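Structure first, commentary second.
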Amino acid sequence: MGLDDAELVRPDSVSVTLRCPICTEVFAEPVFCSVCQQVFCQDCIEKAMAMCEAACPTCRAPMKRLQPSLVVGSLLSELHVRCMQPGCYWTGRRDERPAHGMQCLAKELGKIQELRLHLEQMRAALAFKEDELLSLQLQLRSWTDHANALENQAKLKQLQLNAKQSMLEFTQREVDDLKCQLQQTIKQHHASHFGHSLLPLIFILFFLLHVWLFYDTLPAVLGIRDCLLASP
């Protein structure tokens, strides 16, 4: 591929001798056939040689080594071209364009605009990440509060369970003491009619005391009652 006509200030004024016979564009890196002296773009002739077994497309002579055309290259350097950077209106000799490209204001402005666009994209991404972080922090705080509430509830339940266990143990000891006292009383009055007549009253008093202390021990009282009723 050669030099695009869009890069030329007056492409119609360029001599046909400066155009490649393969791509018909102005030469880019011109080389020539040593037999017929035909000039080609280096890229164009290399592609053509790959398809035609290294033969010149014009004279069909073998082309073993490509040689640059210094004369054509000198003529190309004098062509009047333009800067292809959008927004730049510079024109000048083709050999002056590389130096202009090093200090092209439109090119630098384009870089600045690209940096501004990139900066805005980074700011938008940062704002999104900040919102995401805030949402995660609020969610974490909610979970922490919920976990603390569950922990406090568990501690309260444990305290209630400990208190209930203590009450149960205390009541069980009271029941055991009353059971021993009742058995001793029964043994003392077992032979007398009076003792037998007091048995229902003693059982009722014992039952009421047990219910007053803790209702969970009712099965124990019923067991004592059955034991007493089974006594001869």
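Every residue, even glycine, has its Cβ placed from backbone N, Cα and C.
TrEMBL labels come from automatic prediction, so no person has curated them.
As recorded in TrEMBL, the features of this protein are as follows:
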- 20-60: domain 'RING-type' (DOMAIN)
- 105-188: coiled coil (COILED)
- 197-215: transmembrane segment (TRANSMEM)
Would you mind splitting the domain 'RING-type' (20-60) into helix, strand and coil residue counts from DSSP? 10 helix, 8 strand, 23 coil
Can you give me the average pLDDT across the coiled coil (105-188), rounded to a whole number? 90
